[in-house]
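To start, the structure itself, in structure tokens.
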Amino acid sequence: MNVSFSTPVQNSTASRLALIQQAAARSGALPPAGQYRGSKLSPFDVSQMSGVSISMVERAKINGPEFVEELEWLRQQTTSRCFLDAEMWTNEILAHLPDKWCAPNTLNLYNQVSELVLDNTRSPMASPASNSLYAPGEDQMPTVKRNHTSRFAQSLIKNKEFRRAAFFLEKTMNGNKLDHFLHFRCLFLAYYQEHLENDAEGIERKTSFAEERSPFSLLYQRMEDKKLRENEDVWFEYLMGLLEVELGLKDLAEKSFRNVVIREPRIWPAWEALSRLIADIEDADKFVTSAEVKSLWMGDWFMTLVLQRFHQHSMAIQKAEQLVTRGMTGLPMIITKIAACSNARHDHDQAISNFEDVRKADPYRLGDLHLLSDSLYIRNDQKKLSTLAIEVYKVHKFRWETCCIVANYHAIRRDSEHAIKFFQRALRLNPGLAALWVLIGHEFMEMKNNAAACVSYRRAIEIDPADHRGWYGLGQMYDIMKMPAYALFYYQEAQKCKPHDSRLLVALGDIYSKLNRIEDAEKCFTGAYLFGDVEGNALWSLAKLHERYSDDNKAAQAFEVFLVVYELVTSAEEKIIYAIAFLANHFFKIEDFDKASEYATKCLAFETLCQEGNRLFREIAKIQARESRLPVEEAPGPSNASAAGGQEAMDTEEAPQEGGEEEMSEGEDDFSF
């Protein structure tokens, strides 16, 4: 039977046991979550399971000197243009270079080629005659004073005094190409900062411009009038792409960032911005592999971010590990990304292990560390979480990651009021993060404040409709409130965002079963198992569904596969005990005494089932003894007639004893079938 893995559920004429067994075989080929390194799972298998197709071509080892040259160029560009985040990102990679790439001749390679020149911008579109430092026909400020003013403006940018910096750069912009760019960038940063400050208290509350146009719109029009998109400095087009994002012109912004990457593939901020806008994974892969893009390694890292954004975390891990295989070993950036993807896949042990490796190399690094607190919270490791919260609170008290970690610490102690307080503080520091609203919603649910939880989840959906967690939170809330029709809608929306998440399919199946839509529920539970049952609930829910509607044969089939998969999992002991008891009694009822004896034997391995197992053995022995006497009773002869009366009397005497044993066994355990 051929099975399509591009959709979570399907109709099939084959038996349900065959479908489940095929799912077990398919899932059995997968390694444990987060353990792809050294496994036999091919990129094609991962692609088939995820429903998307990208190129996983084996690429050659990264050339160390070329890698360093790219980063040195980017470091100089981001430093001179005051892109502080990109500068720190670049310097972190350079600081963790593999030892073999740190030879003196390698590190000095680029510095021997050129020194930093303020107006130098490498671009294939630049003309040799266009590198004049001064704009034609403009008055020139004395060189010394201009240099001092430029340096002062750059200091103001680093101090986040953007309007003040723009004021001073306006004096020097006509005599210096770099200051020309920085002036427009400072205006953008000033408007962006004011926008965030206005929206800090209420995300998505739009500022009203009743009498004047948006400052972003005015700045964009000014740059269009000056034809800065065609400027030899490619960074102008990148800046216009950022303006287009703020104006809601997402298609134009995507086109701008694509052009920037084609013109200068070493500008990582353009790759990063494009990863947040590109429409789908296949389109991103086609762009990266096109002949126009000449990238040594940034294209692969870009694909890792795109795959993570579209919730293809297994494939993102593989892409990241490809970079490690190609030589980028020991980089906290890559290890942290693998940890973040493991967290999203609910492989929290792997995530914790990876984060701990990063903290050994860089103890004060906060990037994505809130996800470590999330994994510790889910693992209920209060000791490690409290230690982490104390350490980061001492050093980085006013970072949003710290606020999330401290909030999770209060949450694990069931102090929801303090948890909400710190989550709200994190929102003020990073107002555009939908995940924070989701976490606040969870805490309101703990406090049984459904109205506030509903508002929080809806805020998360407004900020990022593609994030399944806001939809899933609303579905859970309505499910708890016994409103399954509402819950169904939000679970369906969540499943659209992340169609291969087994948790969402199990939740959908539960709602369908509550609405008596049995076939839909069965498809969801089966589909959840097909896509790798993360929490181990799909087969169990499928078996209980059939048991609830008295379809014991199908329930037994599901319980059998459940035991094959989970019998050795200690955390599922209660479910294992129930499944064994059900199967032992089921096969006894249908008189399959061989299988009944097999499961009765398994009953003896559990203290709570010993008496049930012994009772079944006695019942089976009596039935088999009775059946063995039947041929003797039916044989012709005078002795049989005389023995019939005596045998009948013996059966009459034994009957109360059997009934007594049944009465004794009744109530010996908590299982009822």
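Here the Cβ of each residue, glycine as well, is placed from N, Cα and C on the backbone.
Taken from Swiss-Prot, the feature repeat 'TPR 3' covers 232-267. The feature repeat 'TPR 8' is assigned by Swiss-Prot to 502-535. According to Swiss-Prot, the region 'Disordered' annotation covers 628-673. What Swiss-Prot lists as compositional bias 'Low complexity' is 635-646. Annotated compositional bias 'Acidic residues' per Swiss-Prot: 650-673, in sequence order.
The repeat 'TPR 8' (502-535): residue composition by secondary structure is 26 helix, 0 strand, 8 coil, according to DSSP. When the repeat 'TPR 3' (232-267) is classified with DSSP, helix, strand and coil residues number 27 helix, 0 strand, 9 coil. Across the repeat 'TPR 3' (232-267), mean pLDDT in this model comes to 93.
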